[in-house]
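These features come from TrEMBL:
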REGION    1-27  region 'Disordered'
TRANSMEM  42-64  transmembrane segment
TRANSMEM  84-103  transmembrane segment
TRANSMEM  110-132  transmembrane segment
TRANSMEM  152-173  transmembrane segment
TRANSMEM  194-216  transmembrane segment
TRANSMEM  222-242  transmembrane segment
TRANSMEM  382-402  transmembrane segment
TRANSMEM  423-439  transmembrane segment
TRANSMEM  494-516  transmembrane segment
TRANSMEM  536-555  transmembrane segment
Amino acid sequence: MTPPPGGSNGHHHRRQQVSAMESGGDAPGAAARRRFNWKAPAIVLVFELLESIAFSGVALNLVVYLATVLHGSTAFNAAHVDTWNGTTFIVPVIGAFLADSYWGKYRTILASIAFYLVGLVLLTVSAAVPSLRPGTACQMGASCAPATKTQFSVFFAALYLTSIGTGGVKSALLPFGAEQYDDDAERPERKQAFFSWFFAAINLGIFIAGTLISWLEQNVAWALGFGVGTACLLVAALAFVAGTPWYRVQMPTGSPLKDIIRVLVAAFRKRRVRLELEDGAAAPLHEDDDAKDEQQLARTKGLRCLDRAAVIVKGEAAAEGAWSLCTVSEVEGVKILVRMLPIWATCVLYAASLGQMTTTFIQQGMAMDARVGGRFKVPVASLVSVEVVFMLLWVALHDAAVIPLARRVTGRPGGLTQLQRMGVGRFLVVLALGTAALVERRRLRGVSAGGAAMSIAWQVPQFVLVAGSDVFCGIAQLEFFYGEAPAAMRSICSAFSFLALSLGFYVNSLVVTLVAAATGRPGWLAPDLNAGHLDYYFWLWTVISVANLLLYMVLAARYTPKQVAAAVEPATSD
């Protein structure tokens, strides 16, 4: 189908769809100016809490279930858990593309819930029905006959259905919740608080799953633990559907990828077009003045080569085709993505640094005295759950003290900017890794001197710093990728955080492989940590994190934020 003629190049009809809102049985556009209702974001936050419990109840104990129930080998378990984790954090990118291009966020969430519930129900059934699992349990580290192909097939089918479901939810739920708020420049703290509490809901769910659900799974019955998670998601789904009358539901515009390619093609075709006329005046640029309900972006400096895509060269916009002329807003949308990518690259290295908490920090704790108070023995992995408690305390401190103080100092309604808070998070992870290195050096000296094992309580400061880092940077990254994204790409850009986390796992694995190869045997990461130098490994990651922080500071200082046009005058050709 050819685009209709006219100055809008066929964008007017699609942009009307962007601003059209549906809710319940209302006709499109009926809710375009629906007033803010606190029930809508409240339901989203409850949904995220319950979904986090359901997901974490599976993810946190997946290795244990594979080893003790399905009798998988160590290599088999590690490979499949890594593959599933990678899939789970890449699927949100696909879900985001569907949400922004075709289904919309609301429908994407509903479709994902269906996959999610089927996966969790099948997972619960596979753990409850005796014929779908081996008849006897197997102790960790023991050699037992593995499950049959049918038993493995049913389990992994359930697992990957769950992965598809959580991927769709992760990609669309956050931007959907944020869209329930007005874009009020005078009161940005309302939406800022939503991001903080969304982050807190994720981590509170992890804490509940890591304590209560994990205990039920390992001490009562796996089927009961999975069943509780399934019930949580079912309640979340029912609450989400019940809240439909209060939602603002934004409809998709079509594939944003097509608009990105159009801008690049138009800019290439006009690569020799001048941005100034012979008399020195600026060349006329095209904007769709009929799209009054869509957020229009102002032209920014930099990446001038892309501005050529919006230059009107044939006297009037109607004379040019859709692949030769784009609007200023479309060009600025591509500029935003180009500027985001370097910032996002530092997020990958940051995620890899943060990943030490669930790997080398745990290994360090296993070599320490886990007794507290002389009798009570702390499970080493429980420090990860305790870190969630520290995070919740940091969230309270962040919202109650840090941000209000920053508002008074800077005069900004939002206090610190998103980029500044991300910088604070990157600085705190440097301190956390340096602290871990110092603790490990002290521990090794104690071992060399023949002293008593070092108390695991020495790890608390590094976990507190990691928690603070995650709060500052995690919340700010959610806000940054949502707030800076073009309106038609908010789900995709919000999914960048999950993609960075996924790639961070792979970077971490690569560094471990390179260090093991470079340091030989026993090496820094020796099986017996007392014979290795884990402190050197922590210092390496401290240096990597410092370099990443410095790179980020340069990129953040040069970053040009999105600018919204207050008013757009009709383009003229004279």
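Glycine too: its Cβ is placed from the backbone N, Cα and C atoms.
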Stretch-level contact, the transmembrane segment (222-242) and the transmembrane segment (84-103), CB cutoff 8 A, at least 3 pairs: no
Beyond the flanks of the transmembrane segment (382-402) by at least 6 residues, Cβ under 8 Å: 193, 196-197, 199-200, 203-204, 206-207, 210-211, 357-358, 361-362, 365, 415-416, 456, 459, 463-464, 466-468, 470-472, 475
Leading stretch by Cβ pairs under 8 Å, where the reference is the transmembrane segment (494-516) and the options are 42-64, 84-103, 194-216: 84-103
Cβ contacts the transmembrane segment (84-103)/the transmembrane segment (152-173), at least three under 8 Å, sequence gap 6 or more: yes
Contact set, same chain, for the transmembrane segment (152-173): CB under 8 Å, 6 or more residues outside the stretch: 44, 47-48, 51, 55, 58, 62, 70, 80, 84, 87-96, 98-99, 105-106, 108-109, 111-120, 122-123, 125-126, 132-133, 146, 491-492, 494-495, 498
Intrachain neighbours beyond the transmembrane segment (110-132), with Cβ under 8 angstroms and 6 or more residues off its ends: 51, 54, 58, 65, 69, 95, 103, 150-151, 154-155, 157-169, 172, 221-223, 226-227, 229-230, 233-234, 237, 240-241
Tertiary contacts of the transmembrane segment (42-64) (same chain, 6+ residues out, Cβ under 8 Å): 77-78, 81, 84-85, 88, 116, 120, 123, 140, 159, 162, 166, 169, 173, 176-177, 180, 194, 197-198, 201-206, 208-210, 213-214, 217-218, 225-226, 228-230, 232-233, 235-236, 239-240, 242-243, 246
